[in-house]
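Accompanying notes for the structure given below.
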């Protein structure tokens, strides 16, 4: 007779063949693998473009880049660990899972959980450090508070996987003698930590608005810069969705935890993408301006062609791009991009607030 865990009794209750037949027997492993690796691929693309733009403009990487790369490494390793767990049967419902493999499964999932929490904290920290270089005054103080408090809270969440039982081996092997916290203690703290991370995403998205609005830029470009710096709203939305899945950690069916992993990866990848988009504005702007300059040059040059012995002039505008466009290239949007891409505190041009 097969066994199924009874979450109310805290043990395994016998399951009749009829009851077993009536239960679902699908596996969530393909969904998990497709989701985490697709998200990882998109995040890798955006991060690569960010690094490309930074190297093109400044010839070097800075702390926010290094921390974001470290976050990406964590989420890639976590995805690899989760891929390994599917070879152990993770994704199957508990009544289809070989119970003797449970200790071998719980250890890598604990490692993956630590990596996910770390990646989430670091991806948001990277964006916070970027904000420190384009804001001043109380904006900086608020950003520092968010960075420090967020990392302290998430550090506790990361180690809770390893301190909840004594000895630590009991975390993944319940047959070992020892004691553990009540499961709801860990779950409740992760609910708090997940909600705080979502709040940080929304806070980081809102902080640049008032500061950037005070800059002397074209309104269109100003709004573009503000929107680019506010992509963290989407990361916040995924953080909220992930937090709603945290109570599934108490489920007796291990397959119920799959959505939590998917949304956890989505949160980290969305944060990496949101932190990369402000840098990509430089690439988009340069491509657009290159196209505009080429069009202006074509109109500026007059060409004469011979047709049936007659001289025909292809005419067009004889004016170069107007002064306002040239001035914008010197100040406007380029000013905000220097603030994001430059890290030379002693250079007034590196501070968008001084570009007037």
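Using N, Cα and C of the backbone, Cβ positions are placed for all residues, glycine too.
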*Name the residue range among 165-188, 261-284 that TrEMBL annotates as transmembrane segment.*
261-284
*Pick from 2-22, 191-211: which stretch is listed in TrEMBL under transmembrane segment?*
191-211
*Which one of these stretches, 85-103, 104-122, shows up in TrEMBL as transmembrane segment?*
104-122
*Pop the mean pLDDT for the domain 'Rhodopsin' (49-285) in here, whole number is fine.*
87
_Can you work out which residues elsewhere in the same chain, 6+ from the ends of the transmembrane segment (65-84), have a Cβ less than 8 Å from its Cβ atoms?_
32-33, 36-37, 40, 43-44, 47, 50-51, 54, 90, 108-109, 111-112, 115-116, 118-120, 122-123, 125-126, 129, 261, 265, 268-269, 271-272, 275-276
*Six or more residues out from either end of the transmembrane segment (142-163), which same-chain residues have a Cβ under 8 Å from its Cβ atoms?*
110, 113-114, 117-118, 120-121, 124-125, 128-129, 131-132, 135, 171, 186, 189-190, 192-193, 196-197, 200, 203-204, 207
